[in-house]
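Taken from Swiss-Prot as is:
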ACT_SITE  Lys35  active site, proton acceptor
ACT_SITE  Tyr256  active site, proton acceptor
BINDING   Arg131, Met304  substrate binding site
MOD_RES   Lys35  N6-(pyridoxal phosphate)lysine
Amino acid sequence: MSRPTRLVIEPSALLHNLSQIKHLAPGKKVIAMVKANAYGCGVREVAPVLDGRIEAFGVACLEEALAIRALGVETPCILFQGVFSSDELSVAVENDFACVLHHAQQLEWLIKTPLPYPIKVWVKVNTGMHRLGFKIHELQKVMGALQTCTWVDKSIGLMTHLACADEPHRPENQQQISLFQEISIPGFRQRSIANSAAIISFPDSQADVVRPGIMLYGVSPFANQNAHDLGLIPVMRFMSAISAIHDNPSFAQVGYGGTWKSDKPSRIGVVAAGYGDGYPRHISEKTPVWVRGREVSIVGRVSMDMLTIDLTEHPDIEIGDEVELWGTHVLVERIAKSAGTVGYELLCQISERVRYK
């Protein structure tokens, strides 16, 4: 036996969401973003399912790409933050990893580091996010340097990133899209701008390649829509079980600080999951979990290893019953809203002690 706190990853949901993406972006190449351990869903679980069904995996760094290769997955990988030192270039080219170039230092490393094979590159341009990327007026010089470098593959791509795509009404979105579309420098063989939110809201931004992240895992990129609204299915189910049940007298205080009590006798269930597992500590009152086909409210403070739920009106629920913290029935978007954060953060903050099943 082991602690019941676990993640259940649904391959069929992942494939459904990929199908939805391809329906929204017909004929477009797909880079599946699997950085940060596939948004917490587990790259070991996700990458083999998607292998051969997409054009590339998007990762943040060399280490993440090597972890995918170690799984025996053959789909190409793209390092979205590029290399962090010139030494990484030889490892990247030996493993056929493509690199994003987003600043002059990376370009200099590439030009001054002879490589045994041509390396595939994408150039990132800053169209308004002001985080990574060359300025538009620098692109001509960048392209010139790449075209004359004999160890650069000439299938060079151009990409940018939208700062406000999750807020489709913001004028900055169309401004960035227009700036990107107006770039007419020859030599760029493929272009990419659309993340999850843009795939849905800005079909004209899909260009040659789309880059789904959060929607691939069945979570909405928008604050006012959830997965079901978008025809997506949650890939991650964060599960645990009830480890204890106590019958308490009226006005018994529950948990740290005694922040919750009832003016009548109560029945309190203890669930083996807490903020040490990645469940948010700061949630609003009556945030639900799913037990035996219904929602049950969390009461009291979430502690490191446990949380407590009110079973007063649910006498049939027993020790050992499964609890869905978020997933198919209680969408992670609801928990994120309750915690004052976003689904991205909750998926990515699952701790190492939570096992995958």
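Glycine residues also receive a Cβ, built from the backbone N, Cα and C atoms like all the rest.
Known features from Swiss-Prot, placed on the structure.
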| residue | record | Cβ neighbours (10 Å) |
| --- | --- | --- |
| Lys35 | active site, proton acceptor | 19 |
| Arg131 | substrate binding site | 10 |
| Tyr256 | active site, proton acceptor | 12 |
| Met304 | substrate binding site | 13 |
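The two recorded residues, Arg131 (substrate binding site) and Tyr256 (active site, proton acceptor), show a Cα separation of 41 Å. If you measure from the Cα atom of Tyr256 (active site, proton acceptor) to that of Met304 (substrate binding site), you get 11 Å. Distance between Cα atoms for Lys35 (active site, proton acceptor) and Met304 (substrate binding site): 26 Å, as a whole number.
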